[in-house]
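The Mn(2+) binding site annotation in TrEMBL covers CYS101, HIS103, GLU136, HIS162, HIS357. The domain 'Peptidase M20 dimerisation' annotation in TrEMBL covers 187-278.
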Amino acid sequence: MTALETCPDAEQLRQWRRDFHRHPEIAFEEHRTSARIAELLREAGIEVHTGLAGTGVIGTIEGARGPGRTIGLRADIDALAIEEATELEWASRTPGRMHACGHDGHTTMLLGAAWALARNPDFAGRVHVIFQPAEENEGGARVMIEEGLFDLFPMDAVYGLHNWPGMAVGEAAVHSGPSMAAFDVFTLRLSGRGCHAAMPHMGDDVILAGCELVTQLQGLISRERPAHQPAVLSVTQFHGGDAFNVMPGTVELRGTLRCFDPKLREHLEKRFREAVQASADFHGLEVELDYQSRYPATINDAEQARRCAEVLEHMPEVRKVHYDLPPCMASEDFAFMLEQCPGAYIWMGNGDSAALHNPGYDFNDDLSPIGVAWWQALVRRLLN
């Protein structure tokens, strides 16, 4: 039986998802994943384009009702550099690699929807299903855009989703406005004169300076931002020294700064740079700072968010839609697509699973049929 003679049932979706889970591939290395996606799309008779951002795949489905609007549906396909600890039968077979964020499930849901839409294209217009590589820290969405995503495949709107641990399966969340935070990273190195630990006055105490800077930087959050605007700064690494009786000559600090408002983001970066330089000057140290603005905030278009909510409210598979959940301080490179094209990003409950990016996490297969139904309902509502 061919793909066009049947839609994938829950068991078929489970098999696809667990196959992707067994074979995780990290950013820009998703060669097996990409090939399998393209193979399944072609089995359904879907026009396939490969090569954007290296391992990106785009399928195009034409509606049977003639010309109309064009929308994009996006799923991320990459895994993480994490050692899996689930001991499941379908656990990762690649050491140090794991689908710990559910992108195996996102891929499966969009594939299932693509099959169903190809079998019954009862809509007007066109749908592009976008399988995007390298969401995790590497900005695959930005690379796809730079290589011509919206020029080669013009769209009137684009949509994405993410599974959400802690939210019940059958529930969803929609934000009108910010959904995920902007994401900046920094690496700074303080350098001075190393010396014997018994004679710190003979050198420069870069560890003391680094410790002071860690606490001073939190002043950016408590005193440099309006209290009603969320922001978080986390120093996540502090490296210095390799002997108990030597004051090191350098320390290195790394971390991340996240917020939603673009103007606040600019202000915090400016004040961050000033604080680092002032600390180095006070202690008589040299400083090297690498500050990178990685992802913008994921901000839903209000009208597109409203349309998503309407679709969710009419789906029998969705028991509850949340509108009041706070946006998440984690980040998502789908934000680059939303900067170029109106759209929205929703959350769908993954049940009582381990947290995202946890070695004990697994995507909930009960969510897959709901995600397939969601993508179909969205297309049929917006393109009819």
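Cβ atoms here come from the backbone N, Cα and C positions, even for glycine.
TrEMBL annotations: computationally assigned, not manually curated.
Since this is a predicted model, take the numbers as computed values, not measurements.
Of all the binding-site residues listed (HIS103, HIS162, HIS357), HIS357 has the fewest other CB atoms within 10 A of its CB. A Cβ within 8 Å of the Cβ centre of CYS101, HIS103, GLU136, HIS162, HIS357, the residues given for Mn(2+), is found for these other residues of the same chain: ASP76, ASP78, LEU80, HIS99, ALA100, GLY102, GLU135, LEU356. Mean predicted confidence for the domain 'Peptidase M20 dimerisation' (187-278): the pLDDT average there is 97. Secondary structure at HIS103 (Mn(2+) binding site), as computed by DSSP, is helix. Secondary structure at HIS162 (Mn(2+) binding site), taken from DSSP and collapsed to helix, strand or coil, is strand.
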